[in-house]
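Marked as transmembrane segment by TrEMBL: 49-69, 76-94, 114-135, 142-159, 171-187, 208-228, 240-265. What TrEMBL records for 79-190 is domain 'Phosphatidic acid phosphatase type 2/haloperoxidase'.
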Amino acid sequence: MVAAAGFVFAAVVYVLAVLTKAGQAIENAALRGADRDDVSETDAAWQALGQITVYSLAAAVVAVALAGALRRRWDLAAAAVGVIVAGQVVAQVLKRFVLPRPALVEVTGDYARNSLPSGHTTIAMTVLFAAIIVVPWKWRGVLLFFVLPWATAIGHYTLTAKWHRLSDTLAADGIALALAALASWWLQRRGSLRPHTGPRRAGRVVLVVFWSVVAVVTFALGVALWVFPLVAEGSTADEWVIYLGAGSFASAGSLLAALAFLWCWRRVE
């Protein structure tokens, strides 16, 4: 169910944002609006994205595999590694070979090529989901405290650095969620998952509630930043405001995907 929803969400995002003139125009306006962001924000985005390399990705794969090995849970290790690897295979194949980007609005240079889904966002989200799969239940709150903000920031940073459009990030969220849900389904089918019967941890509940509120507020902010200007001004809407709305939607998308997957793993390990 969750896997299907993730794939469908990614497909709908592609159709609305890439295959329609209005979708392309709005996203390109957000790209132009990013030029007006503070230089320090842009530099921070480039630095954060630059830390995601083949070597750091390999280190993440080794880390989740080692976490599973230390627990002697080779099934969890295989599922976690599979999520990260499959995420990159699916994202790169779709972006480079499968999905076209029709020229519905005028654009030049690299922005004329398809960039959906975002490879960097896919890496960040699949690493987060893989960690949720392989980390013991009692450490999941620590994971949320450190890894969730990083994964969410990466999606936002791809817009700030103008490496990707909003649809690229949202589609990556959907694909990562779908693949992680499929891995979880495989674990469940083979009887690898067991319920956690211990007491709830108050700190984790507070974190989940906090990030849920942030996700809702961020999404609502994105709606306000897009709906009112676009309805009132149409194609002449302030590109800076459109960019801010896109950033809000990017953060909300990553948070909601993470919370959805965490819900699937509630009191399960």
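Cβ coordinates come from backbone N, Cα and C, glycine included.
From a predicted model like this one, the values you see are computed outputs, not experimental measurements.
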Let me spell it out: take the transmembrane segment (171-187), skip the flanking residues so only those 6+ beyond its ends count, and list any with a Cβ under 8 Å from a Cβ in it.
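Counting only partners 6 or more residues beyond its ends, the transmembrane segment (171-187) has Cβ contacts under 8 Å with 2-10, 13-14, 75-76, 79-80, 82-83, 86-87, 90-91, 94, 116-119, 121-122, 125-126, 129-130, 132-133, 155, 193, 253-254, 256-257, 260-261, 264-265.
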Looking only at residues six or more beyond either end of the transmembrane segment (76-94), which have a C-beta under 8 A from one in the stretch?
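Cβ under 8 Å, 6 or more out: 57, 60-61, 64-65, 67-69, 116-119, 122-123, 125-127, 129-131, 133-134, 172, 175-176, 179-180, 183-184, 186-187, 192.
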Average the pLDDT scores across the domain 'Phosphatidic acid phosphatase type 2/haloperoxidase' (79-190) and report the rounded value.
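Here the mean pLDDT over the domain 'Phosphatidic acid phosphatase type 2/haloperoxidase' (79-190) amounts to 95.
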For a three-state summary based on DSSP, what are the helix, strand and coil counts in the domain 'Phosphatidic acid phosphatase type 2/haloperoxidase' (79-190)?
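Going through the domain 'Phosphatidic acid phosphatase type 2/haloperoxidase' (79-190) residue by residue, I get 88 helix, 0 strand, 24 coil.
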Who are the long-range neighbours of the transmembrane segment (142-159) in its own chain, taking Cβ under 8 Å and residues 6 or more past its ends?
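Same-chain contacts beyond the ends: 30, 34, 44-45, 48-49, 52, 118, 120-121, 123-125, 127-128, 131-132, 135, 165-166, 168-169, 172-173, 204, 207-208, 211, 243, 246-247, 250-251, 253-255, 258, 262.
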